[in-house]
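Trainee: Here's a structure for you.
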Amino acid sequence: MLAYIIRRIGQSILVLFVVGLVAFSMFRFVGDPVDNMLGQERTQADVERLREQLGLDQPFVVQYYKFLEQAVQGNFGLSYRQGRPVAEILLERAPATLELAFVSGLLALAGGIGLGIYTAIRRRGISANAIMTLSLVGVSLPTFLIGILLIYLFSVELGWLPSFGRGEVVDLGWWTTGFLTVSGLKALILPAITLGLYQMTLIMRLVRTEMLEVLRMDYIRFARARGIREKSVNFRHALKNTLVPVITITGLQLGSIIAFAIITETVFQWPGVGLLFINAIQFVDIPVMAAYLMLISVMFVGINLIVDMLYFAIDPRLRVDRTAGGH
Amino acid sequence: MPLSDRQSDATTIADSARVAGPSRARRMWDSDFGYAFRRAPVAMISFAVVILLVLAALLAPWIAPHDPFNPATLNLMNGFTPPMQANAFTGDFFLLGTDDQGRDVFSTILYGMRISLFVGFAAVFLGLVIGVTLGLLAGYVGGWAETIIMRVADVQLTFPAILVAMLIFGIAKGVTPPEYRDQMAIWVLILAIGLSDWVQFARVVRGATLVEKNREYVQAARLIGRTPFAIMLRHILPNVLNPVLVIATISLALAIIAEATLSFLGVGAPPTKPSLGTLIRIGQEFMFSGEWWILFFPALTLLALALSINLLGDWLRDALNPKLR
């Protein structure tokens, strides 16, 4: 057990090291930042000064060491496009993305588990079948089309909800929140649904399959035979036993919510980290791209590590299943 | 079914020339696989839609009523013509309306689908070639090659494919000089999407190869002294292709959606060479002012394309799975 944990942590550090190397290579070899920052009218002196300022005149190894040293401290230098420290920009944008991810994660979890139980209990019902069919269509729809569809319906046609931005936000010093104003909450609804829908259908299908399996078990039949109320059987006996895989899968999905936030944030012009990343790609703003890459890798690797540990802690059988299942 | 007549006709002709069985297509149609296909209306409809759309894309230069990328034939007065109506100023008629620059939406969709399909097919092909090669190597050769390949695959699988594609696109864009970026965008897209989805192929082929390499026919081939290269290519590869075909079909739908997503986000096909995603991006701007058709028709086309390929892939997976027979 201990050997396994140590090996997993070692692997995670190796992955982060490789990602760091990719990020640094981007810095060193991709594009000419000086070209990007200075316009057409520039003098040689301007170029030299900026090169020195950005540390681009130093040898490779020195730059690499500096990069690692700075990256560990969360310092990724100046954005080529905005001329401000990347860490500062990221911190400014993080609350928007985290609030969005939190709400859509909650939505996906609550909606997914709720609908999953419903479709499992009413397996042959018309509405349950309709939900299952709808979820198939939902999986096939690209995220950005769902977003556009929602905007068209609720912003353009009905005019109920805003189509872009975060609404009014309250500044708490180091955190800006949209939870405290009516316009902030209204602005959150459509992006949260867009982002959460795919995860919701995924969780729903998972819960449904697990529930159907558990409901066939003998102890459920015995519980029914003992005359325990249906509600109690479904929720206290069956649901409890479906939650282990749900928790682990949800954990893994957490990372993809952050990644897919890029698409949702672009559709709704949500001022978060994802929109920042897309703009960075468009303008080849390497420091922002590298920082985002590092940040998201730490997150993904961390989540994977924790989920793997959870497998170990909760149910050893699952670990065997997982390697055999092969996805 | 007048099958017997036709068959007897065919045999007399065939007899005079050479002794030959029914054609390849005929054999396909009569096989178990063909039977399963004929019994699945969803698969047949999806297949028809895919063929129709691919043909329309291929024949775009001949079908399209206008050339949307030739500025000489565009008339700005034709801008924002609604579908199925004559333009108020010029009297010109457009089946699906026009966009802000007076480009015929129907024609831009045909040309856009060409780019979407080209990027999709090319990206899947790239991912397939890389994945199958590495999967065969990992499975047959084993050892450190396997360790490295599968480790890299594991790491890449940790990140969502779309994110990997975005990153590769960003890096490749940075490497290309600015004046070539628009020209290269399509190729960069293919590279980005192709490199983001080789893992599935590699994993499946490796798994299948591990099973196949201990079979008698492979041992026999080894005994008669065939080279490992020939064994992998001529003996194992044909036997692991079924699952590859299924993954390729599903990957195609994913690749088309990925391309559309990247183009929609503005990190894909440029407005000068719009794909369906770029068209949707352009159309989105006009959604608020009531010109719905500029957005609606490209979106509908993308949906039809992705959905029918997806359904076809789903059916193919079941049809090729011997356990479900």
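Just so it is clear, glycine is given a Cβ too, placed from its N, Cα and C backbone atoms.
So TrEMBL lists these for the protein:
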TRANSMEM  A:12-30  transmembrane segment
DOMAIN    A:94-311  domain 'ABC transmembrane type-1'
TRANSMEM  A:100-121  transmembrane segment
TRANSMEM  A:133-154  transmembrane segment
TRANSMEM  A:174-198  transmembrane segment
TRANSMEM  A:243-270  transmembrane segment
TRANSMEM  A:290-314  transmembrane segment
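Quick one: how deep are these features, and who are their neighbours?
Mentor: Under 8 Å from some Cβ of the transmembrane segment (A:100-121) lie the Cβ atoms of residues 128, 131-132, 188, 191-197, 199-208, 210-212, 215, 234-235, 239, 246, 250, 253-254, 257-258, 261, 264-265, 270, 272, all in the same chain and six or more residues away from its ends.
Sequence-remote contacts of a segment are chain residues at least 6 beyond its ends whose Cβ falls under 8 Å from one of its Cβ atoms, and for the transmembrane segment (A:133-154) they are 160-161, 163, 190-191, 193-195, 197-198, 201-202, 204-205, 260, 263-264, 266-268.
Residues 91, 95-96, 99-101, 103-105, 107-108, 111, 138-139, 143, 146-147, 150-151, 154-155, 161-163, 165-168, 257, 260-261, 264-265, 267-268, 270 of the same chain, all 6+ positions outside the transmembrane segment (A:174-198), place their C-beta atoms under 8 angstroms from a C-beta of that stretch.
Residues 1, 4-5, 8-9, 12, 15-16, 19-20, 22-24, 26-27, 71, 76, 86-87, 90, 244, 247-248, 251-252, 254-255, 258-259, 273, 276-277, 280, 322 of the same chain lie 6+ residues outside the transmembrane segment (A:290-314) yet bring a C-beta within less than 8 angstroms of a C-beta in it.
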Trainee: Are there residues at least six beyond either end of the transmembrane segment (A:243-270) with Cβ under 8 Å to its Cβ atoms? List them, or say none.
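Mentor: Long-range Cβ neighbours of the transmembrane segment (A:243-270): 96-97, 100-101, 104-105, 108-109, 113, 143-144, 147-148, 151, 163-166, 190-191, 194-196, 198-199, 202-203, 206-207, 210, 277-278, 296, 299-300, 303-304, 306-307, 310-311, 314-315, 318.
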